[in-house]
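> To start, I am sharing the structure in question, which I have written as structure tokens.
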Amino acid sequence: MIYQGKAITVKPLEGGIVELNFDLKGESVNKFNRLTLSELRAAVDAIKADAAVKGVIVTSGKDVFIVGADITEFVDNFQLPDEELMAGNLEANKIFSDFEDLDVPTVAAINGIALGGGLEMCLAADFRVMSATAKVGLPEVKLGIYPGFGGTVRLPRLIGCDNAVEWIASGKENKAEDALKVGAVDAVVAPEQLQAAALDLAKRAVAGELDHKARRQPKLEKLKLNAIEQMMAFETAKGFVAGQAGPNYPAPVEAIKSIQKAANFGRDKALEVEAAGFVKLAKTSVAQSLIGLFLNDQELKKKAKKYDEVAKDVKLAAVLGAGIMGGGIAYQSALKGTPILMKDIREEGIQMGLNEAAKLLGKRVEKGRLTPAKMAEALNGIRPTMSYGDFGNVDIVVEAVVENPKVKQAVLAEVEGAVKEDAIIASNTSTISISLLAQALKRPENFCGMHFFNPVHMMPLVEVIRGEKTGETAIATTVAYAKKMGKSPIVVNDCPGFLVNRVLFPYFGGFAKLLGFGVDFVRIDKVMEKFGWPMGPAYLSDVVGIDTGHHGRDVMAEGFPDRMAVEGKTAVDVMYEANRLGQKNGKGFYAYETDKRGKPKKVTDPQAYEVLKPIVVEQREVTDEDIVNFMMIPLCLETVRCLEDGIVETAAEADMGLIYGIGFPPFRGGALRYIDSIGVAEFVALADKYAELGALYHPTAKLREMAKNGQKFFG
């Protein structure tokens, strides 16, 4: 053994070739943490010092190669002073460069996935062999940063600027055949042949059949583009990528700038350019928010995994109420391998549900994400029915009938009599109390909420709602089923609106106040979209449905009268009375026309302004900053209350619920991280400036205490 550590070993194979193997003890995947980097330093030094070594193959002892850097270390590292962070980055890069500069040929054998630092390790090798089932990529832009272990330097010199920009700016994972096509790898082989192929390549290089130094040289030199070619390549790319990424996500454009700035330098000077840009991005609030979001997501997955021990296996599911929502649930279940009964009392409802599922599956086939055979298999997994005849074998039933407590209670009581005693029954209600609905059931311990968001196939969140009498098995089984469907479940305790809608309606309350002061809803939408929301509140109201919003507002007002009750008519009332229900009937805040692709396109409608005139109580001048504060303060304060009331257990769950459920701007990290970014004391002072607007703008006593003590929600 040439070197043995806790993450890396180097052992001799044959003919002077050694294997540098990554296998981080106690972890399911390999990652570049402090330990792995320090051991890589020691391993490279050991190889360099051993005159008997003639070649190196780099392998993984895990099912994946290396998933990248240890993101949990970013939080502390990125707090370091700029000079210290840059020095640490350059020190790490020196390890990769020293590996690249070894006198002997090096071959990386890529299995599973090689992402971020994992791919950058491979780029430092002379040759790369890839398993046919493996994927490679540089996803750092999704964390608000860019590759920091030489990715912006080596990749463009290896596969050309255009390809490198596409890989780095998109952050996508690339299949083996695509990597081979652009020259990122030298060979693709069957998984079982990977080790042998890498060894064979190393032997050929040792024998002089392949010139490893010639292969290495372009990575050490400046980019092979003249000044005009550089200008054409980089300026075009920056314009296109900036348009794709938008102004709130600077990393993709910064990556291109870094490649451009380093184009005329050799490797070592180019790495300094990369490090300077990396440090600049690491210090942005966007990077802090997106890294926080990633860590929150990991926390969510860990919490959901804990339920696996108690959960019952769901072999057969059922959905009550077909239509668009029921069809979406049936599609998602069948697509992910759980057959499902889809029941409705109307033939046309069943047809609508089947059409929805077939349409969604068809789109996946069109995009090449599903084979026709798999589509047929999924469709066969949806069994339409108008009776409870086959419900005796069902493990979980999702009720998705009309949002009316009496109707739901009747249907729930009916289905309870048709299923086996230990079957779980879940209601896809968006606002109705689970404890109230449970009153109709004989086995309330087997009942919980399972709130999907529309459209089901696109929205990742599922709220799993615990009622007063809900048992742990019901929660665990529903969480496990949601995960099996490819969703991100969050367990919340029962209250009007649960987490997401409870937080969303105060946001709409701020919107109502702005409209009452005569502020143009088109302007409000533009300001909130600029803030980072996928759509403004007027457009969102139209998409959700004015009638749905009207009903939800009434439920919330009844549940929280101290701050959500309304005096007099609001915009949603007059729109509802004028039968302007939004996209569903072609008119709401906006009017809707059908575009060339058959999709609704919003246009301004003078009639909407006429309808809104009676609700304007006074004309008030407001700035764009006021608009953001009117909207965001109530949303953030209600999120704080949900955490304080124990509706959610953790700040991470609260923030992820908003990002996954209503499209809260990811680069802002969630409502609680947004408060942290402003500063808790500063946020409380800001809210107090708007105190005259009512209780929605009044911070809680506990938040004031946090402000006084200099506390934060994260870190």
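Cβ from N, Cα, C; glycine included.
On a predicted model such as this, the values are computed, not experimentally measured, just so you know.
Take a look at what Swiss-Prot says about it:
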{"type": "ACT_SITE", "residues": "H451", "note": "active site, for 3-hydroxyacyl-CoA dehydrogenase activity"}
{"type": "BINDING", "residues": "D297, N501, Y660", "note": "substrate binding site"}
{"type": "BINDING", "residues": "M325, D344, V401, V402, E403, K408, S430, N454", "note": "NAD(+) binding site"}
{"type": "REGION", "residues": "1-190", "note": "region 'Enoyl-CoA hydratase/isomerase'"}
{"type": "REGION", "residues": "312-715", "note": "region '3-hydroxyacyl-CoA dehydrogenase'"}
{"type": "SITE", "residues": "E120", "note": "site 'Important for catalytic activity'"}
{"type": "SITE", "residues": "E140", "note": "site 'Important for catalytic activity'"}
> Could you measure between V401 (NAD(+) binding site) and the residue listed as 'active site, for 3-hydroxyacyl-CoA dehydrogenase activity' for me? Cα positions, answer in whole angstrom.
12
> Quick one: of the binding-site residues D297, M325, S430, N454, Y660, which has its CA closest to the CA of E140 (site 'Important for catalytic activity')?
D297
> Taking the Cα of H451 (active site, for 3-hydroxyacyl-CoA dehydrogenase activity) as the centre, which of the recorded positions listed as E120, D297, E403, K408, S430, Y660 lie within 10 Å of it?
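Passing the 10 Å Cα cut: S430.
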> Reduce the DSSP letter at D297 (substrate binding site) to three states and note it down.
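Its secondary structure by DSSP: helix.
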> Please report the Cα separation of V402 (NAD(+) binding site) and D297 (substrate binding site) in Å, rounded to an integer.
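Between the Cα atoms of V402 (NAD(+) binding site) and D297 (substrate binding site), the distance comes to 32 Å.
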> Work out the three-state DSSP category of M325 (NAD(+) binding site).
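Assignment for M325 (NAD(+) binding site) reads helix.
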> Can you tell me which binding-site residues out of D297, N501, Y660 are within 10 A of S430 (NAD(+) binding site) by Cα, answering none if there aren't any?
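Passing the 10 Å Cα cut: N501.
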> For H451 (active site, for 3-hydroxyacyl-CoA dehydrogenase activity), just give me the three-state DSSP call.
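Where H451 (active site, for 3-hydroxyacyl-CoA dehydrogenase activity) sits, the three-state DSSP reduction gives strand.
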> With NAD(+) as the bound species and M325, D344, V401, V402, E403, K408, S430, N454 as its recorded binding residues, calculate the greatest Cα-Cα distance and give it in Å as a whole number.
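Overall maximum Cα spacing for these binding residues reaches 20 Å.
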> Going by C-alpha positions, which of the binding-site residues (M325, E403, K408) is nearest D297 (substrate binding site)?
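So, spelling it out, the nearest of the binding-site residues is M325.
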> Select the closest residue to Y660 (substrate binding site) from the following recorded positions, measuring between CA atoms: E120, M325, D344, K408, N454.
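Answer for the nearest of the recorded positions: N454.
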> Just to be sure I understand the packing, how many Cβ atoms besides its own are within 10 Å of the Cβ of N501 (substrate binding site)?
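So the number of other Cβ atoms within 10 Å of N501 (substrate binding site) is 20.
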